[in-house]
Amino acid sequence: MARKTRKITDLPGFRGFTWLFFAYLYAPLVLLVVFSFNATRSGTVWSGFSLTWYAKIAADSQIQRAALNSLTVAICATAIATVVATAAALAMKRGVPFFGRKVTGGLIMTPLVVPEIVTAVATLLLFSAIGLSLGLGNIILAHVAFCIPFAYLPIRARLERMDESIELAARDLYATPWQTLRTVTLPLLAPGIVSGALLALITSIDDFIITMMVAEPGATTLPLYIYGMLRLGVSPEINAISTILLGVSVGVVTLSHLLTRRR
Amino acid sequence: MKKTLTAALPLSFLTLSLMAAAGPAAAAEELFIYNWSDYTAPEVLAKFEKETGIKVTLDVYDSNETLLAKMKAGNAAYDIVVPSHNFVPIMIKDGLLQPIDAPKLSNYANIDEKWRNPEWDPGNRYTVPWMWGTTSFAVDTAVYKGPTDSASLLFTPPPELRGNIGMFKTPEEVVAVASIALGLPQCDDNPKDLKKVEELLAGQKPAVKIYSSEGIHERLAAGEVAMHMIWNGAAKRARDVRPTITYVYPKEGVLAFMDNLTVPKTAKNVKNALTFIDFMLKPENIAIQSNFARYSNGIKGSQAFLSPDLRDAPEINPPATVKTVFQPVCSDQAVKLRDRVWTRLFQ
């Protein structure tokens, strides 16, 4: 009695369920984008195409300040996190083996699994304990911490796939370690570094919980501003900023993905 | 070589970015304000900056709870925060505010006598009024022609309004307004009194078309209901569309809220905060704010500077005789009883 092997895709209703799943994931986002172009204030009734809300954002100095804060934080945090992550990846993969290397690898990744609210409270407690008050600097420092694993992942992955014999060949040809790093390792690693940096950038721009906790006066970022506006109900203005934020996120992640795939 | 590089780079980046971040905070005269979103007139801040040379930075929050959490966490070093009346005693008790001794401010005399020495801050030691509003109900006088002076109109409606009524879906406000209608105290923790509230609401329920706290003025303006519980500002917006809408000030009293200018204990620019508060006590300045937020203020003589539609709006200018009732933060027992009334109502 041979049992016929069945694939999961043969199950009845699988196709319908798949469609339902994607609708569940993307319908709210599609609605959010569509209603950002609504002519009236309503977030539920469509009454014609308009760019009113985008024009309103363009004229709102508060939103611009928040966006500028978000960018400043993201760029600074990304720069620091990427340098640290690159160094870490090189040490883990190319450095001299040391005791506890496996554990260290795990420790670098833990921020990914620690509940964000826990990190947020812990960071806040640390900052108030040492009396740190640097305005945006507080947020940058907090962001660096959770951006490192995001930058580390693609860099490490790239390093895994890179042929070490090329670097060894350079050393055989009397290149100093510094020359090897600069002219061989880093150029080959570049796609991983850029990809990691972009991931870190987007993680930083999108962060809410940790930023909310450690934000000092004047350090409102875009997600904080959007949240503050919610008390008046979801207006198309929020839809419009969210759409821009969504566009930036999708764009950056796509770019990061393309860069990792190449070569 | 590699080692020095990896150590030096992050450090220099860190220093650079921290320097960049700390730069603007080191400017000469500053004022950091933390207020409700969409609640601070940009014109009034611009005017303040021009008159005083103090640079203002505004951040916004969505609720009193967010503000309180931020202040308790200890990193809200704002110079001005704007809590509602019911949160002021909590903040004073927790030592989150610092005394400003408002009566010593040069423009203190501009505050309407009605708003001096409020129950949430005796002697104005910590607060001065910012904006205030009321929660009552509005009725379409094209549908109902009778007198509009009592809360009984809402709770025991005449036949032409039955099945044509909208109520809030928030127990705090509904029970508070019902308690005023019955002449009961706010935050009552006597089960017998709450039983009366429950009976009143249960009796009204068959006549209610919808319980919802959203899209209220739209619903009234569209004529979907002829009577709705509503905030004064929203009633004005409904009347702009449908002129027969009347906002009711019940003789039993009207539920009110007041947001207040206060200075947190952690403020870094206390002198500038006091300058700002004194500035906002001038009628011509607070009027700019009222014109923007569409709410009443507590400053005498500000009417002259209001935009005409606001100056003549009964929603924004309640009769002097109206009794305002401010709801404090209720005890746990009172909240439990209130929620029980609400649960039973929808069983």
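The backbone N, Cα and C atoms fix where each Cβ goes, and this holds for glycine too.
The transmembrane segment annotation in TrEMBL covers A:21-39 (among others).
Under the heading domain 'ABC transmembrane type-1', TrEMBL lists A:67-256.
If you look up TrEMBL, you'll see A:71-91 (among others) marked as transmembrane segment. Cβ atoms under 8 Å from those of the transmembrane segment (A:71-91) belong to residues 108, 136, 139-140, 143-144, 147-152, 155-156, 159, 181, 185, 189, 193, 196-197, 200-202, 204-205, 211, 221 of the same chain, restricted to positions at least 6 beyond its ends.
For A:103-130 (among others), the entry in TrEMBL reads transmembrane segment.
Packing against the transmembrane segment (A:136-155) from elsewhere in the chain are residues 69, 72-74, 76-78, 80-82, 84-86, 88-89, 108-112, 116, 119, 123, 127, 189, 192-193, 195-197, 199-200, 203-204, 207, 210-211, 214-216, 219, 221, 256, 260: each is 6 or more residues past its ends and has a CB under 8 Å from a CB in it. Residues or ranges marked as transmembrane segment by TrEMBL: A:136-155 (among others).
Under 8 Å from some Cβ of the transmembrane segment (A:188-215) lie the Cβ atoms of residues 70-71, 73-75, 77-79, 81-82, 85-86, 116-117, 119-121, 123-124, 127, 138-139, 142-143, 146-148, 150-159, 162, 166, 221-224, 227, 245, 248-249, 252-253, 255-257, 259-260, 262-263, all in the same chain and six or more residues away from its ends. According to TrEMBL, the feature transmembrane segment maps to A:188-215 (among others).
According to TrEMBL, the transmembrane segment annotation covers A:238-259 (among others).
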Item to check | Residues of the parent chain within Cβ reach of the transmembrane segment (A:21-39), under 8 Å, 6 or more residues beyond its termini | outcome: 46-54, 236, 239-240, 242-243, 246
